[in-house]
Amino acid sequence: MNAKNPRRFPEDFVWGSATASYQIEGAAAEDGRGPSIWDTFSHTPGKTLNGDTGDVACDHYHRLPEDLEHIAALGLDAYRFSIAWPRVQPGGSGSFNQKGIDFYSRLVDGLLERGIKPVATLYHWDLPQELEDAGGWPSRDTAYRFEEYAEQMARQLGDRIHLWTTLNEPWCSAYLGYASGVHAPGRTEPAAALAAVHHLNLGHGLAGRAIRSVLPGAQVSITLNLHVARPVDPSSVADVDAVRKIDALANRAFLGPLLDGRYPADLWEDTAHVTDWSFVRDGDTATIQIPLDVLGVNYYSTNLVRRWDGTGDPGAADGHGNAAGSPWVGASDVEFVRPPGPYTAMGWNIDASGMTELLVRIHREYPDLPQMVTENGAAFEDVVADDGSIHDPKRISYLHDHIDAVGAAMDDGADVRGYFAWSLMDNFEWSYGYDRRFGIIRVDYDTGQRTWKDSAYWYRDVIARGGLPAT
Ligand code: GBH
């Protein structure tokens, strides 16, 4: 690592860490929780590495008091968690489950008692199975069910929530869930994936409006995993056009309706052979374009693309094995090229400059929109030393460089309000099960024991200092 200057962040910059319900809670069949698409998917042979499931996960449901102490000891200003819809409304419609609601109430109160701001995500991929059986996100009805659930959560948790996030990464829900099928529910139907894109967007708008109808002062956001796509050959018209296609599918399919009140014309043209988009009804984009208090941005790595020359397997480097097909609906002439390393244990390239590029781009296109980095982090093969300590210098270096890159974007004018490290603790990494560890706190899956990695101590000091040390 080159010598670097220290960097300070504004006094009110929010330092946080993030998790998601299915990845940490466990207690999958307790206290009235209903099944989600991830229960079904992970219990289907061959869908996750080693057949891992979230049945127990980090057992956070039972270890809440202890985990609150870790959150407090880190000095986090905010903690980003998600609410398991099937825990609070087991069938996704109809009656609510008080025991499930009580769990999140205890979590939120526990945070507030410790002076930590609760940042709640309503949907981090665990759709109630009954709603999938009725059609899932490709079905318009799911958006209305989501609205109902959001309204009830606003009533139950009320003004105790500092920031509401409707959806986490609808790109993943739509394209990985319904096109490539590497995520639950594992469907491989390109047209359904585009319908899912729209109904997720619609669900966001309906939910945000419902939250504000209950809580007029509520802060409402959505979190996107925007893609930084770069052309293999910047002077090639074909490669630059490949970038445009990926940008439309990954970024503007969401930014357009959310912030411009319309879908990009090129997205509809590129996918015209897949769907006619007739599921978009009059008035929908106005519903989607509710005011956003902040845009949540998750950033991990960059993408390198070019026009496919017709040989090999386009899309094979999408980071998900691409076994069942490509998530890139309608972009079969785009090839993903493995970017230069170094790489994390996910095989994702490490490139902090993409963080700056992304935040600055959003700032240029939407100058008045505050942003928040709601996830950033890395999986590495952590080594536990004989004395039990866990030295993860690569994770520290990754976090350092990416926080520095956030600061660089702010120097360029981006209004970034906070940063959340992914993740508070090792957890169920979706298709990769427990094999990949993103935590700053290690979880021993046999005993449930939590142990701070060096990166946790380092991050605690960053928070206390309000910025990065010189290195
Ligand atoms: C997030 O998704 C999730 O919100 C979180 O639950 C999850 O645990 C965490 O990240 C870590 O995976 O092939 O190099 O282009 C991440 C979404 C989408 C990020 C696909 C990486 C592919 C990388 N991912 N993307 S690459």
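A Cβ is built for glycine as well, from the same backbone N, Cα and C atoms used for every other residue.
The annotation active site, proton donor is assigned in TrEMBL to E169. On its own chain, E169 (active site, proton donor) has W125, T223, L224, N225, N298 as residues at least 6 apart in sequence with a Cβ closer than 8 Å to its own Cβ.
What TrEMBL lists as active site, nucleophile is E375. Neighbour density for E375 (active site, nucleophile): within 10 A of its CB lie 25 other CB atoms from the protein chains shown. Look at E375 (active site, nucleophile): DSSP puts it in a strand.
Of all Cβ atoms in the shown protein chains, 20 besides its own fall within 10 Å of the Cβ of E429 (substrate binding site). Annotation source TrEMBL lists substrate binding site at Q23, H124, N168, Y300, W422, E429, W430.
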Inset, instruction - Express the distance between the Cα positions of H124 (substrate binding site) and E375 (active site, nucleophile) as a whole number of Å. - result: 12
Legend entry - Environment of Q23, H124, N168, Y300, W422, E429, W430, the listed substrate site - residues of the same chain whose CB lies within 8 A of the CB centroid: A20, E169, E375, S423, N427, F438
Inset, instruction - Run through the Cβ atoms and count how many others sit within 10 Å of the one on W430 (substrate binding site). - result: 25
Inset, instruction - Would you count the other C-beta atoms found within 10 angstroms of the C-beta of N168 (substrate binding site) for me? - result: 25
Legend entry - Distance [Cα-Cα, Å, rounded] between E429 (substrate binding site) and E375 (active site, nucleophile): 14
